[in-house]
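Have a look at this one before I ask anything.
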Amino acid sequence: MRGSLLVDNIGELVTNDGRGGDPLGVRRDAAVLVEDGQVAWVGPARYAPAADRRIDAGGAAVLPGFVDSHAHLVFAGDRAAEFAARMAGEPYTGGGIRTTVGATRAASDDDLRATVGRLRAEMLRQGTTTVEIKSGYGLSVADEARSLRIAAEFTEDTTFLGAHVVPAEYADRPDDYVGLVCGPMLAAAAPYARWIDVFCERGAFDVDHARAILACGQAVGLGVRVHANQLGPGPGVQLAVELGAASVDHCTHLSDADVDALTGSETVATLLPGAEFSTRSPYPDARRLLDAGATVALATDCNPGSSYTTSMPFCVALAVREMRMTPAEAVWAATAGGAAALRRTDVGRLIPGSRADLVVLDAPTHLHLAYRPGVPLIRQVLHNGVPR
Ligand code: NIG
Ligand code: FE
């Protein structure tokens, strides 16, 4: 949309500008000028420049749009019955991934595209303006490539997760499957992918296979992210740090050495409390990571098996209630933290030059996101400066 737009009468503006001692960079009685899809100016409302159009925030809180740095949106079918069984006491093993692989392979491109579009729209309504989308339910050369081709229609942050699990037809030959992933599958996927990811866990890929696959991805220019330490302790977190991964995700079971490795590294610990909610597992200890000085992000992990939510406000509320994060830490992790996990400096903050992605809450402060769980508090979303 052309012309300038002023969002003013903002009671509490979360900028994440990193200035002073306040990580959220909160400003009161503020205004934001948007031009050409970017933030052009931030300052006190009384000094706001003139603009072509105006949004009156009515004294409400305004935040950067949420950055959901971990989502598996390209799939078909659902696993509601598996969820019901878990709530009745069954454990989560990841074994259901193959069920979704079968449904995804059988779906048409248009069906997959419609599902991604529906979930992306759900996200936007709940304030998510940046999303990472993984493949990982195709697990054949053609199905991984088309998953990423479809994902790339919706986001720049596409992730090749051919190493999600070993598909049934390779069950007896995992080495051959790793060869397929590193060879023809990577070649077909890489043109559509920014990142490579591996599920490094007992029952998925061991540390040697994970290292080999991630190294192949790095060699063709993909950035590294890792699923690790979700179902139990393991070497995945330290592998991620060793390879300079942008993010290691789940981090539910961490040793002291894992926490030490993350602290002072460039690797963000991305916590996915929707997965613990939906698998009835113990939540990761965010407080331990934060107190040690690690960078923490929050994301939904939206997928039909372990976390079928698109809601970042829900994850913020869980992080505060169940993971001992303060509301300010959780909001930072869901915005600037997600941006760090995607190594992006254009989103997750509201400073001159950032993308004009912002959320007007139906609430006076960011505290209400955790204080009023389950309540639709997203009044308005601007994405690239355009009201949605
Ligand atoms: O991040 N952990 C591995 N992958 C997904 C779950 C996938 C599924 O159960 O379908 C996750 O939780
Ligand atoms: Fe995941």
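Using N, Cα and C of the backbone, Cβ positions are placed for all residues, glycine too.
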According to TrEMBL, Arg79, Tyr137, His164, Gln230 bind 4-imidazolone-5-propanoate; so which of Ser306, Ser311, Ser354 is the extra one listed there?
Ser306
According to TrEMBL, His70, His72, Asp301 bind Zn(2+); identify which of His209, His227, His383 is listed for that same site.
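Candidate listed by TrEMBL for the same site: His227.
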Does any of Arg79, His164, Asp301, Ser306 have a Cβ within less than 6 Å of an atom of ligand 2? These are the binding-site residues; tell me which, or none.
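So the answer is Asp301.
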Find the one among the binding-site residues His70, His227, Asp301, Asn303, Gly305 whose C-alpha lies closest to that of Arg79 (4-imidazolone-5-propanoate binding site).
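In terms of Cα distance, Arg79 (4-imidazolone-5-propanoate binding site) lies closest to Gly305.
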Among His70, Arg79, Gln230, Asp301, Gly305, Ser306, please name the binding-site residues whose Cβ is nearer than 6 Å to ligand 1.
Gln230, Asp301, Gly305, Ser306
Compute the mean position of the Cβ atoms of Tyr137, Asn303, Gly305, which form the recorded N-formimidoyl-L-glutamate site, and then list in sequence order the other residues of that chain whose Cβ is within 8 Å of it.
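Result: His72, Phe75, Arg79, Gly96, Ile97, Thr100, Gly136, Pro304, Ser306.
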